[in-house]
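Asks: Got these off TrEMBL a minute ago, pasting:
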TRANSMEM  B:46-72  transmembrane segment
DOMAIN    B:103-316  domain 'ABC transmembrane type-1'
TRANSMEM  B:109-128  transmembrane segment
TRANSMEM  B:140-161  transmembrane segment
TRANSMEM  B:188-212  transmembrane segment
TRANSMEM  B:239-258  transmembrane segment
TRANSMEM  B:298-320  transmembrane segment
Amino acid sequence: MATSKTTDAVAAPVFERSYDTEALAANRRRRRNKARAKKLGLHLILLGLLFVMLYPVIWMVFSSLRPENEIFADLGLIPDTWTLQNYITGWNLFGDKTFGVFFVNSFIICALAIIGNLVACSMAAYAFARLNFRFKWFWFALMLGTIMLPIHAQLIPQYVFFLKIGWVNTILPLVVPKFLATDAFFIFLMVQFMRSLPRELEEAATIDGATYWQRYWRIILPLTMPALATTAVFTFINTYNDFFGQLIYLTEIDKMTVPVALRLFLDPSGGTSSYGGMFAMVLVSIGPVLGFFLASQRLLVRGIATTGFK
Amino acid sequence: MKPGPGPEKSAVTPAPQGAAVLPSGRAVPAGRAGTNIRRLENRAAYMFLIPWLAGLFGITIIPVTVSLYLSFTDYNVLSAPTWVGLENYEKLISGDRRYENSLWVTLKFVGYSVPLVLVFSLTVAVVLNRGLAGLAIYRSLFYVPSLIGASVGIGLLWYQVFGERGVFNDLLGLFGFEGRSWVTNPRYALSTVIALNVWTFGASMVIFLAALRQIPDSYYEAASIDGANGWQKFRRITLPLLTPVIFFNMVLLTIQSFQSFTQAFVISRGTGGPVDSTLLYTVYLYQRAFQHLEMGYASAMAWVLLIAIALFTALIFWSAKYWVFYGDK
């Protein structure tokens with residue numbers, strides 16, 4: 001009797017625990033609720049951080065839509081009276097040269113820079129990724145080295161040279177280097193991509209008598225589309241945002257691009273009196289970058305990730 | 001995809017050492033045909049490289065060399081450069097208080113920016129990687145500052161945000177602190193530039209996120225079975241496996257931060273002020289070269305910058321063997 005009781009006592013908890021589905025379910029529910037609460041907490045923290053980070057931009061959006069004299073009047077975030085007047089003022093702030101001129105100048109430079117980078121970088125990348133030639137690794141190492149080189153080390157002789165041949169205040173110093181594949185970063189990006197393409201395609205074309213140029217143009221380039229698109233987007237953003245180069249080479253007002261023109265707001269005697277106009281133009285100026293990003297964001301994010309550490 | 005049938009196919013032989021190889025890795029027949037193909041390929045490759053080679057020499061190597069020459073001269077663009085030997089460098093080492101100051105400002109800027117960006121981007125990436133819903137949306141939103149942070153427009157906005165009547169003071173007001181103008185105060189102006197740089201941590205975060213996805217779930221499952229808690233999993237699995245990417249981001253950020261220009265320039269209204277407190281190296285270089293037309297002196301500055309960046313990068317590479325973990329060890 002006694003022995004059977006002890007065995008019962010030992011066996012009972014095990015027996016109970018493994019078959020008490022209700023307790024198990026409650027336990028699972030409690031754990032799931034805890035995990036859910038934790039996730040909710042994380043969401044709140046992330047949203048809070050995002051709100052703080054993006055608040056200045058949100059504030060600028062509303063400020064640009066209220067009358068000039070209300071911007072710093074502590075009236076809360078949302079304007080009482082809505083107006084587009086700041087956009088009109090800002091657009092025409094610099095006399096007969098409106099922001100339309102600056103945007104056209106910026107877009108011309110961006111378009112040519114994109115074409116230059118796509119053509120020149122992909123040609124170099126094709127040679128590095130798919131062809132064998134003498135001193136290949138020497139050139140490749142040199143190419144990687146130029147990625148890290150600070151532009152300041154080349155800047156002054158370049159400037160003097162472009163000045164002497166009369167290229168200052170033209171778009172040429174900003175555009176011609178792109179056609180010479182000086183953005184080696186994009187060569188590297190495309191080399192990485194082209195290396196992963198199957199060799200058999202090119203071989204089939206070779207047997208059919210395709211030249212090297214045809215292999216590059218007809219076979220490799222179409223397959224490299226994702227890397228080309230990434231290059232185009234990044235080139236646009238970098239060129240559009242570039243300030244240093246444009247500041248140095250474009251000094252006449254009708255040649256100015258958007259960033260150089262925005263700089264005129266810095267001038268105490270210039271447009272700083274119109275904060276509303278300035279905010280409006282800042283917002284208009286970041287519009288194209290955000291638009292490009294939204295249109296291509298999946299591609300872009302993947303691009304950063306692959307160039308990042310592959 | 002298989003190559004179509006052709007007469008060449010039957011002529012395929014194993015590749016002798018060093019022979020030309022078809023794209024698929026099969027050998028080109030030895031003998032004259034083989035060397036011809038190799039020679040053709042060599043020539044074709046150099047044809048493809050012509051634009052890049054022209055740029056490499058014309059836009060990069062020759063200017064960098066000329067810049068070294070100019071750094072030993074006195075040159076104002078209008079008249080021919082005159083050789084002054086080491087004078088520019090001597091002046092850099094002793095005799096230019098603004099230069100000395102700009103070095104400290106730059107070191108402070110890099111020294112604060114890089115670690116802060118790394119901590120922020122890694123933390124947010126790890127949090128986002130815990131299977132939260134809406135990852136793609138979060139990732140895009142956190143990336144937005146990186147897109148626009150380098151623009152003149154955001155610099156102008158920043159000047160307002162940290163101005164006397166700016167948004168930042170409104171925020172401080174909520175907690176009962178009294179605000180001031182941060183951008184015109186020499187003690188705080190550089191902090192606002194650093195804050196703007198840290199604001200753009202999204203680009204590094206995206207790289208961390210991609211790396212986090214490569215860590216197999218099985219590692220964490222095994223650790224859970226062994227009873228590891230969240231912090232232990234992060235400390236013993238995530239962090240070691242991420243060190244190569246931390247290293248990569250650190251190199252990238254250091255090189256970028258040393259060359260940072262636009263934000264300090266815009267926030268200080270082109271002066272590097274107040275009292276030179278935001279006079280980053282590149283801002284000072286710009287002033288010397290393009291406002292004072294001291295091209296020789298600025299070239300010397302550029303070369304010091306080049307060497308400084310190379311040294312710091314080398315230092316990070318050297319340190320890597322002590323803290324970067326590669327799986328095969």
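Cβ coordinates come from backbone N, Cα and C, glycine included.
Quick one: how deep are these features, and who are their neighbours?
Replies: Taking Cβ pairs closer than 8 Å, the transmembrane segment (B:109-128) reaches residues 135, 138-139, 142, 190, 193-194, 197-198, 200-205, 207-209, 212, 234, 238, 242, 246, 249-250, 253-254, 257-258, 260, 264, 280, 312 in its own chain, all 6 or more past its ends.
Residues 124, 167-168, 183, 192, 196-197, 199-203, 205-206, 262-263, 265-267, 269 of the same chain, all 6+ positions outside the transmembrane segment (B:140-161), place their C-beta atoms under 8 angstroms from a C-beta of that stretch.
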Asks: Please indicate, using numbers and ranges, the residues of the same chain that are 6 or more beyond the transmembrane segment (B:46-72) and have a C-beta under 8 Å from a C-beta there.
Replies: 81, 83-86, 88-89, 295-296, 299-300, 302-303, 306
